[in-house]
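> Can you read through this structure? Questions will come right after.
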Amino acid sequence: MASSRNSFQSARPAPHLVTTMTNSNPDSASASASPATRTPTAPRNASITTMPQQSTTSIEQSVKLFKVFEALRQGDTAGINKHLREDSTKLEGNTILHLAVQCAEPSVVEYVLSMRQNTLDINARDRDGNTPLHIASTLGRTSVIKLLLDQKAINESVTNFHGKTPLDLARSPEAFQLLQLARSVFIERTTHRIHHLIQSADYGTLEDVLADDHVRHVVDINAPELATEPITVESGGTLLHEATRKKDTQLIQILLLNGADPFRRDRKGKLPQEITKDDHTKQILKKSPAAAAAQRGVQEKAILGTGEGQPENALSAKEAREMKGYLKKWTNYTTGYKLRWFVLEDGVLSYYKHQDDAGSACRGAINMKIASLHMDSKDKLTFEIHGKSSVKYHLKANHEVEAKRWFWSLNNAIQWSKDEAREEQKRQRQEGEVLRQAAADKQSTAPSAADSSTLAATVSDRRTSIAHTADGETLYGDEPTRLHRHRTFETDGERDFEDEDDDYADDDSSHEVKPINKDAFNITAQSAKLQLDLLASVSNSLQQEKTNNPTIPLGHPDVEYALASYDTAVGNLRGLLIDLLRISKDHDAYWQHRLDREAHIRKLWEESMARVAAEQEELENRIGESEDKRKRTKRALRDALEGQVSGTASRAHSRRGTTATQSSKLAAAVADISVAEDGTAVTGPPSPSLSRRQTLADLTNHDVSDDDSDMDEQFFDAVDAGEVEVVGQMPITSTPQTNLQAEKAAPVEDSTSTAIQKSYKGYEDPVRSKLPLDADNRPKVSLWGILKNMIGKDMTKMTLPVTFNEPTSLLYRVVEDMQYTELLDIAAERSDSAERMVYVAGFAASEYASTIGRVAKPFNPLLGETFEYVRPDKGYRFFIEQVSHHPPIGAAYAESAKWEYYGESSVKSKFYGKSFEINPLGTWFLRLKPTHGPEELYTWKKVTSSVVGIITGNPTIDNYGLMEVKNHTTGETAILDFKQRGWKASSAYLVAGKITDAKGVPKWSIGGRWNDKIYARPTPGYEDENLGTSTKSQESNQAILVWEAGPRPQGIPFNLTPFVVTLNALPQRLQPLLAPTDSRFRPDQRAMEEGRYDDASVEKNRVEEKQRARRREREAAGEHFEPRWFKPAKHPVTGEEYWHFGGEYWGIRDRVANGEASWKDAGLEEIY
C-alpha cells in the first residue's frame, strides 16, 4: 500500500470548528431529526430538503470510514480512488469531499475534485445540512474555499438546516472576502445576463435563468438595481415597475411567477399598478393567474417565516423578518392617515417622512423585543404595533395581502428578537460557567515533563510530526524521530504573521523559534476530534454487533479488523495530544517574546519622543531669542530714521521761522502709520501731515516699518515695563455731572432686579473661601502613560482614571465666565458705544484667566444635570442645564438688572499626542441695558484652548485664535487676537486687538495679557473729537486699565481659583431649595472634593452606568431626551440656532423657597 501512495507535500489546513461524522450527542440528534417531522407548505421561492434519519453504523461501515479518513490524511491516492470506484454515495451522512475538506491537504482536496467525474455532488449536505463549502468556511480554509469556488456547479448560497450560508459561517476575514466576492461576481454576471435577455426579448431563456436555484437564492428580483430605464431608476422602482411602464405583459407575468412583488413601492410610494393607465396591464397585475400566484407566494413567505431546522435561501432568511415600504400612519384627527416610509431591520421598526430621509431623520422607532402586535379583526387593512409605555403606531396598508405581509414580518421579527434575547442570556450563563470551570481547573496540577516525555516515546513510532524548520530539523529540538514522511501545514497562500516585524528571526536575544503556522494547533485539534469520532463509531459498531450476534468470537475477521483500527486510532490520538501540548507551549513562548519585545519598543519610543520634545523646546527658545534680537534691531533702525526725518524737518522749518512744535506733529504722524497686508500704507483721514507720513514710508521702503499690531504690541509692552502712564478709568464724558450724579443716586428698581432678589434665598451665608482638603494628595499617575494610547480620539469620549479629575463639572467651567461681571456693569454705565465695547471685549477676554494651571479634567455632566449660582453681592443669578450628551452641550442663562448673558457650551476636542485641542462651537449672546441708550446685542465665539507640554511632563494651558465681538445694534466690532504661545516665556498669554465702528474705522486699541491685565487706549489719530486738544495728546500716551485678574492664593488644591472654590459649596440653608439634579448633589464630584478618591471612582462608574441604562430604556421605547428648562429656537436678531430659557426654573424655585411647591412635582429624572 505504501508504494502506491502519492504523498502530497502541500500545506495542511487548520480547522477550528468540528463537524462530527456521527451524531452521538442526544441533543444534536434530536435537533437534526426534528425538522424532518415537519412538512410545512413552503413558499414558492423556498427549497425544502428533508434531513436524513439517524442510522445504525455497522462494523464494516465504521472500518470503511476509518480507512477513508486515513487515506485522506496521508494523501493515499490509491485508497481514495478505491473508495470513489466502490461507492461515491454518502458515507455516514458525509461524502468523501466533506471529509477531505476537514482533514486533507489542499492538493488532496483538489485531487478528489478532479476525480469525482460528475458522480459527486459538490453541493451535497451532511447531517446538519452543511455542504463542503460550509465546512471550509467554518474552518477558515481559504485555499480550499478557492478550490471549491472555482468549480462550475458550486452554489455558495445554499443554507444548512439552521438557515446559515457559508458566508454567514465565515471564520476569517479572508474567507468572508472570498465568498462575498464570489457572490458579487455572480450577481453582476447574472444581472448583465438578465438585462441582455430582456433587451433581446428572449423570455424563454429568461424564465430558465430566473428559475435556477442559485439565481433565485442570490439575486433579488425586486432590487432597484435591476431596473435600467432612467425614469424607473430615478424613482427607485423595480424591474416590475419598468415592465409596467413598457406595458410588456409577457415580461410582467414572467416576473410575477418568479418572485416579483406586486406590492413593492418605489421611492415616491407608487405600486406598479399605480404608474400605468393601461387597463389591460392593470388587470394582469391585479387578477391574472400570475398575479394570484405572486400574491400567494408573498403571503406564504411572510406567514411561514424562518423556522429552526427549516432550510432557507440567502434572501428569505432576512426577508421573513425585515421589510421596507410605505404605510399609512395615523397622525391625528385633523390630518388622519399620512403616508410614511417604514423600515423593519435588525429587530427595530423605524419610520421616516420620506424614503430619502432613511438613516438621517428618523421620526420614531420601536424595538421588537418589547413590542406587541394587534390586527384589526374588522378592517383587514389596519393593524397596530405597541411599544413601551404609550408608544403606539396605528398603521394601514393599501391591500389585504400587503397588510398580512407586514403583519407576519413584524410577528417574525418580534419572535426572532425575543429568541435572540433568550439566546444571549443563555450564552452569558454558559460563559459564566466556563469562567468558573476555568478557575477550578487552575487548581489542578498539569502533567509533569517526565510523564510527557514517556508518553511521547511510547507513541513516537505512530506519531506524525506537526512542524519542522526549513532545514528539516524538528521544531522541538534534537529529539529523534522515526517518521519517514514530514508534513507541513497550509499557509493559505501567504506567510503566517505577515504583519509582524521582519527582524524577529534575527533577534539573537531570543532562542524561541517562530511557529511555522498559526493554524497548526487548530488542525491538530480537529484531527484529534475526528479520531475521537472514529473511536466512538468503531466502539458503537462493536457494541451493536455484540447485541445483534452475542456468540460472535473475538477472532472473527471483522472484529479483529475493527480492533486493529481502534488500536491504530488510539495511537494516533495520543500522538496528536502530545503535539497539541507542544504547539501550545511553543505559541505561549512566542507570544510572550512578542509581548516583551513590544513593551521594550514602546519604552524606547516614549524615551525618544521625550528627547525630541525637549530638543524642540530648546530650539524654539533659541529661535525666540533670535526673533527678539531682530525686533530690537528693527526698532532701533526705525528710531534712527525717525530722528533723521525729524532733524531734516526742523532745519527746514527753522529757515521759515517755524518752531520745533512741528516735530511733535511729525512724531504723532509716525505713530499713525499702518501697513496693509499687501504692503500699501493705510492712514486715517487726510491731514496736513500726510505728505510727511508718505516721506517716512518712502524712507523706510516698507522694510522696517511696523504695522499697527506691532506698534500696539510695543505700546503695551511699554505699559508692562512701567514706561507708560496707566489710569484706572476712562475720562469723564460730556454727560452733565448733575445728571450722572442723579443717575448714580437713583436705585435700580425694575421687574428684573425684583425677580432676581427673590432668588437670593439660600445664599445668605458668606461665600466659601476654602475646600475641605488642605492639599492635593491624589495618587500620582503619569498623564502621558495614560494618554499615549488615545492619540486622535475625541476627548469627550475618553475614559480616564478619576485621579485625573478635579472636583468640578464642565458646567462649572461655564460659570467661571461670571467672575468679572463688574465689567458688564461698567459697560452699561458708559454713554459712548465704543467705550461700552471696550469693557464688553475685556469681559470676553477675562474668561480665560482662571484656566492657568487647570490641566485636570472636570467631570463630564450627566444628561439633564443642572447648576444654579446666585451672587447677591454682585446682583446676578446664573443657571445651566446639560441638554445633550453626544455631543456634550450645556445651555446657560445669566441675568442681572443691567444685562443678560446666555449661550451654549459646545466643544469639539481631540488629542494629538503633543497637545489637547478644545475648539468651542457655541455662540454667546450678551444683551446689554445701557443707562444712556437703548438695549444692545453683542455676540462672540470663544477661542481655541490647548494643553501643551504633555510629553515633557510640564502641561500648560494656552488659548489662541481670533475672537470677534460684534455689536449688532450699532455695527461696531472688536477683533481680539489671542497670540499662540511662542518660543519664549515672554510671548505667552498675549492678546491684542482693535475696536472699529460700523464703517471699519479703528476707534480703540486693546491689548495686554489675558492671565493678568488688559489695557486700552484710543487709536492714535482717532481720539474723540469731543475731547480737548490737550486731552488728545495726553491720552495718546496713556493707557486705561480695563481689567485686572484677581489674586491667585497659593496652596488651593487642584489649582482652583477663589471664585471656583465657592461653586460647589452646599450650605444648609441652600440645600432644600436646590433642584435634585443640581451638580452639588453629584456623589462622585463630592467624594473627589473631600479626598475620597476610591469612592469617587466607584460613584462615577455607578452614575455613568445609570445614565447608560436610562438611554437604553429610551431607545427601546423609541423616545428621545427632551431638556426640561431649555428649548431649541432661532435667534430673532442673528438667525442662529440657540437654546431659549423660559425662566420656569426660577419660578418653581421661588415657590419651593416659599413652601408652595416641591421639586418632586417638577418632572425631573433621577440622575444620581
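Cβ from N, Cα, C; glycine included.
According to TrEMBL, the feature compositional bias 'Polar residues' maps to 1-10, 442-457, 645-665. The compositional bias 'Low complexity' annotation in TrEMBL covers 22-47. As annotated by TrEMBL, compositional bias 'Acidic residues' applies to 495-507. Annotation source TrEMBL lists domain 'PH' at 320-415. Taken from TrEMBL, the feature region 'Disordered' covers 1-56, 421-513, 618-665, 1079-1118. The repeat 'ANK' annotation in TrEMBL covers 128-153, 235-267.
What does the local environment look like for each feature on the list?
DSSP assignment over the domain 'PH' (320-415) gives 22 helix, 43 strand, 31 coil.
Remark: secondary structure over the repeat 'ANK' (128-153) totals 16 helix, 0 strand, 10 coil, with classes taken from DSSP.
Note on the repeat 'ANK' (235-267): its mean pLDDT in the predicted model is 86.
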> Kindly report the helix/strand/coil residue split of the region 'Disordered' (1079-1118) according to DSSP, in that order.
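Counts, helix then strand then coil: 35 helix, 0 strand, 5 coil.
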> Determine which residues of the chain contact the repeat 'ANK' (235-267) at the Cβ level, with the cut-off under 8 Å and only residues 6 or more beyond its ends counted.
44-45, 198, 203, 206-207, 210-211, 216, 221-224, 226-229, 273, 275-276, 278, 280-281, 284-286, 288, 290-291, 293-295, 297-298, 325-326, 354-356, 398-399, 401-402, 405
> DSSP says what for the repeat 'ANK' (235-267): how many helix, strand, coil residues?
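Breakdown, helix to coil: 17 helix, 0 strand, 16 coil.
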